[in-house]
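Can you keep this structure in mind? I'll have questions shortly.
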């Protein structure tokens, strides 16, 4: 059926800020869908609160609203825009839940807005556990034995009937939030109590555990004419029990017999047809390895993380097809954009193996609970393509950027046998490395299969990798063996280690023996049809399918997997860089390893190489393509770290040169540069051991800010107040050495600002200055930022502009740079300079309407600001006020402390814009899910040094009608100053929570919690009590503030919304 002509205007709801379980894959899906609908001639209106996305660029939709995805704001936009239809299945769980809410309020009916794509009834059937159970029973599809509980007692009764272990799944939550596997009644009580609070409908599914079954996924598509196909099927390396977002996944499935494959395929198509889904859908199934028994685990009736992976694994653009199906087109009339010959009805066939490995945030959160279960914990993922499992797995391992280049890890090598067994049985993020080590120690794979329930087929592949290692050790420089190792994904570095030579030597011998990679095309049809996609992966075989063109070529390095400190913002900059290169008539080639993002959509660049971002893999592409040069400014620290090795190998780095990058990153060189330019920085020094650090701190004076050099996102950074804490830090957090010094700086608790600047070598443009709401000491990525600044005097603004110009010219910056300042006692100091695009680029580009990454790329390629019509200096400021707010994923990460400090902890960002600061703040808090009730109680438990400042805030809360609750010390101080306060008991390290502030939080007696720890390393009880208070607030979804500056900001909002009542 051709597309519909009775609708003209379609609204799409985005997925909002990035959180664990809902990441960049929705930017990719949403961007594809908006463009697909525009391509078909519809007017597209987009609502999304996340400024860091390509999707929210002005050119992606006809009208873009960066507003909170809440009932209040989406309803306003619906009334204003009056669209004919709404497409909710591309915005993750956020988009779906919003559509459900809108439908329930009756506004869609009132405005006559039709829901496109999958019908609400089908979404309900797939998402509501009870309805889904009924549906599966009606079509004879087997589910796990289960029942719904709405209270803890009900859950216990159900569990007794089914038998332990039990899986708990709260209804309508994303990424398995609040769920888990329970072996005992005690565990069940705890998980269900929390799950019921997190479920918007207060219900949990209590079901039999089938841990140990194989987990298989089918990505399916169906249209309104009941045509249905399988786009891709995938198999998890880990058995059922680990969330598929955290599992290692292979596509296509590897261990299924043809009968099993067809049986599960039939089941998937059976379910999608019964649900009458129109568009993409993901079906998860569990298969008993010892029989033909299977269970349906769940269905996602929307585009998901798995569909982004399936799109990149096959080249079949699922989100684009889903959008076209939503407007009435059918699979047999949509052309497959990869081959431009076949129709979308044609099921993709793969002649390669794809491996996906998740990227976890535990390098940032050392105390986090690393155990993997049904709740997702990964922030991002990498994908690699090879001709066999070994090749794709090892390529994926080195794409992770966790300091390993092979499936071996120092911690695993150093573990004793007892620890090794424990780590194999416990599913953790690093289990692959312990399993590999067990095989190296000669533990039989049958025994490992028994312990881990990982299929013996996969373990046999790991055993083959170990056999190649053993042969390499004894056959040094043997060309045939070198070829075998390369065919199975071994890196030059790993071979060099086994041969005890340098990686350069291995590279030289490879080239002498003509052992160089060829590049194969991803074409969706296993080369059955001619294909024109410029989408390639490397392998060691015969025919090279990537033909070098005659055009001038530029290679752009992407930013790899999404992790805390390096998010989708860098992908945004990469895509804009590509656009600028193309606009100048050159060929843009992208190298990246992240399947979730827009930059790895093959229609974005002229050529896409899906490869690990390591020196070897990047160099191989450069050898083939012979580009004019490589741009490293937009790929975060990942790309910057490759600048030096590439430059040493004779590759031209475009933009700021390597020695100047070094001057910004290396502490001593940077200090010298600042002295030469006469720019002040906080007094500081470098230390290579504990004694030196103590001597430096005594000279500078406490408090000091201490951190290792060369980091992104403030890893292992702390504010320290005395010598005891400093010695503790030096022994616990860092391994200081002359190669890896530690930086000790005076900590100035002043106002923090940051600037992004663009420089052509002579002139400097500052699109804007952002002022941070939280004082210096909170990582810039976790601070709320306001543009234009509200509290800076003209003199200070002038100084900031002057210092920025001096630095950009003095460091020979070509392209982009980011500078952070602190203003202390009316003096401006420079804290740090990043000679690259930073995470504020998308936000600032959107609010100033200056396409910063594109402009910087033009500078890198030799244009200048004047010719492009830009005045040097600070760009004029707009009338609106814009606030960028950080968004955290603490609900997903047990045992991770939410206290803000110099270590970055946020996973995403939201934005609020309006005519006054108060309104913009209100929107940014709403968009970041920090909704404050209009009245209620606020709980204060603050450090002694913060009590004075708390008094003013408490008075303001009382003034607008909030009741005050506080622990003893804080309460006494507030009472002395004439406030009425209800006192609650501290935990005092005890287990009993009755009558304490934790019980108050748990029972919903407080609407907000203000908890500060001060700068002194607190006593153990205070620290653990504070941690328990914060955990409780987070798991109950109660706004928690650990910085008084944020409290002052939210009070501004509340005061602007409340009326004063005064007697006469």
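Sequential numbering from 1, following the chain as shown.
Cβ from N, Cα, C; glycine included.
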Need one residue: from 692, 723, 832, the one Swiss-Prot lists with 707, 746, 748, 752, 777, 778, 779, 780, 820 for ATP 2.
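Between 692, 723, 832, Swiss-Prot records just one in the ATP 2 site with 707, 746, 748, 752, 777, 778, 779, 780, 820, namely 832.
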Mean pLDDT, the region 'Oligomerization domain' (402-546)?
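Value for the region 'Oligomerization domain' (402-546), mean pLDDT as a whole number: 95.
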In DSSP terms, helix, strand or coil for residue 300 (Mg(2+) 2 binding site)?
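It is in a strand.
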Express the distance between the Cα positions of residue 707 (ATP 2 binding site) and residue 832 (Mg(2+) 3 binding site) as a whole number of Å.
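About 12 Å separate the Cα atoms of these two residues.
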Using Cβ atoms only, which residues of the same chain lie under 8 Å from residue 298 (Mn(2+) 1 binding site) while being at least 6 residues apart in sequence?
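For residue 298 (Mn(2+) 1 binding site), the qualifying residues are 126, 132, 284.
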Take the Cβ of residue 215 (ATP 1 binding site) and count every other Cβ within 10 Å, whichever protein chain it belongs to.
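By my count, 24.
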Minimum Cβ neighbour count within 10 Å among the binding-site residues 242, 748: which residue?
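Per-residue Cβ counts within 10 Å for the binding-site residues 242, 748 bottom out at 748.
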Considering Cα atoms only, can you say which of 777, 779, 832, 834 is the nearest neighbour of residue 215 (ATP 1 binding site) among these binding-site residues?
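Closest by Cα: 779.
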Summarise the domain 'MGS-like' (930-1064) as counts of helix, strand and coil residues per DSSP.
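Counting residues per DSSP class in the domain 'MGS-like' (930-1064), I get 61 helix, 22 strand, 52 coil.
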Report the nearest neighbour of residue 242 (ATP 1 binding site) in space among the binding-site residues 300, 748, 820, 832, 834, comparing Cα positions.
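For residue 242 (ATP 1 binding site), the closest Cα among 300, 748, 820, 832, 834 is found at 300.
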Over all shown protein chains, what is the count of other CB atoms within 10 A of the CB belonging to residue 707 (ATP 2 binding site)?
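Excluding its own Cβ, the number within 10 Å is 21.
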How many Å separate the Cα atoms of residue 748 (ATP 2 binding site) and residue 300 (Mg(2+) 2 binding site)?
49
